[in-house]
Amino acid sequence: MRDGARIAAAIEILDTLTRQHQPVKDAVRDWGKAHRFAGSGDRAWIAGLVLDALRHQASIAHAMGEGSARALALGTVGRIWGLSADEIDALFEGDEHAPEPLSEAERAGLVRDISDAPLHVRADVPEWLEESLLRAFGDAAAEEGHALSSRAPVDLRVNELKADFDKAFKEVSSKLKAAENTPLVRSGIRIAQRDPRGKAAAAESIPAYGKGWVEVQDAGSQLAALAAGARPGLQILDYCAGAGGKTLALSALLMNTGQVHAWDLDWRRLRAIWPRLKRAGSRNVQVHDGNEDKALSEFVERMDVVFCDAPCTGTGTWRRRPDAKWRLKPAALETRMAEQDTVLERARRYVKPGGRLVYVTCSVLPEENGDRITAFLDRTDAFKPVPALDVIEASGHLADGARAMLEPCVGEHGALQLSPGRTDTDGFYICVMERTG
Ligand SMILES: C[S@@+](CC[C@H](N)C(=O)[O-])C[C@H]1O[C@@H](n2cnc3c(N)ncnc32)[C@H](O)[C@@H]1O
C-alpha cells in the first residue's frame, strides 16, 4: 500500500472508533480482515498512526479546529510526524485510494500555534485530570502530559535464572539491532522507538524470549520489583500478582531460593502465570488461587515482604494504551481508590514485625499514590515509610548513574514517582513501609 492509502485506512478506523466502543487492536484487526491485500507492515504503520492520533487527540483537535477522524489523522501526520502540507499532498497525488487533498483550513491547522491553549489540551489529558497532573508535576505538567503521549520503547528484563546479562544481550541484539542497555537497571535491555513511523520491536518472537532468557517488562516495573529488597531466602507475598509480571522478577531476585507466594483476588488473572513460570524456570513460586482467608491464613504476620502492585487507573501506561486515557472517568478513579485502601488494609496483616509492605501503582495521580499512603499512615502507627530509593539501590541492580537520575523522583514518604518525562519509563509510584509495631 502507498502511504496515501494507509492514511485513508487510518481515517476509516478512527471513524469506526468514534462510532463503536471497541479496543484499537480489535478495530485494526477487523479492518485487516476486510482488506486482505494489506500486509503486516501496512497494518503496523496504520495502527501506529491510529494510536498516535489517539495519543494526541486533544491537542490535534484544538489545532485543526475539529476532532473528526480525518482531522486527527492528517493533524498527526503533519504535527506529530513532521510532514509539511506539501509533503502530505504529494503522498496523495496520483493515488486513487488516498484521501482528498488538504483544504486551506487544514493547512493552517497543521502549523497553528497552540501555546495559549488550556493545559489539558497542551498536555493531551482529559480536562477533569488537569488538577491532578498539576499536583503531581507542577510546572512540568504540560511536558509530562506530552511525554505520556509519546510512543514507548520496548524494555526487556534479563532473567538471571536462565542467562547472564552479556549472554542475553548478545542474543537479543543479534535479532533486534536497536537493543541497548537501559539507563536505570543493570538487568534491562531497551529497544528504543526512534522513528515515529517505525514498527514496534516484536520482542516476543525472538528466540531469547522463547527460551525464557528475557521477559518483556518496562524498566519502571523492574525498578518497582527491586523495591521489595528481595534477597535469597526471603518469604514474599505478591498480594496482587495478576498475570505474574512482578512475581517473575521477584522469583529471579531470590535466585530460586526462599518463596514467592502469588495471590490475586481474581483467580482468572492468575492463570496466565503458569506458562510464564515454566518458561522462566521459576521454582520458588507458590500460586494460591483460592479464597483469601483459606489461601493465605497461614501467612498472617509471617511474611518478610508483602508486595502490593495495587489495582489502579493505569495512567502511567497511557503511552501504551492511549484509548484508555480518554475512556477514564471520575467514577473509575473513585473505585480504584477504594480498592487501594482495601488492598493496603488487608495486605498489611501478612507483614511480620520488622517486615516490609511495598505499595506500587502504575499511575501518576496523587489520589492513588501519596494520598492513599497518607490515609493509611493516618489509620495506623504500626508502619513507617522507608526511603524507597535506598532500598532499590541496596539491591545492587541499579545501573551506574541511576541514583542521580532517580533522586528528583523522590517525594513525600520517601516514595518514588517515575514517569515518561522524568525517567523515560511508564509512570510508577513506589512506596516502601516497615512494620514497627
Ligand atoms: C496492577 S494489577 C497486578 C499486575 C501484576 N502484579 C503484574 O505485575 O503483572 C492489580 C491486580 O490487583 C488485583 N486486585 C484488585 N482488587 C484487589 C483486591 N481487593 N485485593 C487483591 N487484589 C486485587 C486485580 O485483580 C489485578 O490483578
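Cβ coordinates are placed from backbone N, Cα and C, and glycine is handled just like the others.
Per TrEMBL, the features are as follows:
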ACT_SITE  Cys362  active site, nucleophile
BINDING   Asp264, Asp309  S-adenosyl-L-methionine binding site
DOMAIN    144-436  domain 'SAM-dependent MTase RsmB/NOP-type'
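Projection of TrEMBL feature records onto the structure.
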{"residue": "Asp264", "record": "S-adenosyl-L-methionine binding site", "contacts (Cβ under 8 Å, 6+ apart)": "Cys240, Ala241, Gly242, Leu270, Asp289"}
{"residue": "Asp309", "record": "S-adenosyl-L-methionine binding site", "contacts (Cβ under 8 Å, 6+ apart)": "Ala224, Asp238, Tyr239, Cys240, Ala241, Gly242, Lys246, Val360, Thr361"}
{"residue": "Cys362", "record": "active site, nucleophile", "contacts (Cβ under 8 Å, 6+ apart)": "Gly220, Ser221, Cys312, Gly314, Thr315, Gly316, Thr317, Asp426, Gly427, Phe428, Tyr429"}
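For the domain 'SAM-dependent MTase RsmB/NOP-type' (144-436), the model's pLDDT averages out at 96. Annotation note: Asp264 (S-adenosyl-L-methionine binding site) sits in a coil segment as assigned by DSSP.
According to its DSSP assignment, Asp309 (S-adenosyl-L-methionine binding site) is in a strand.
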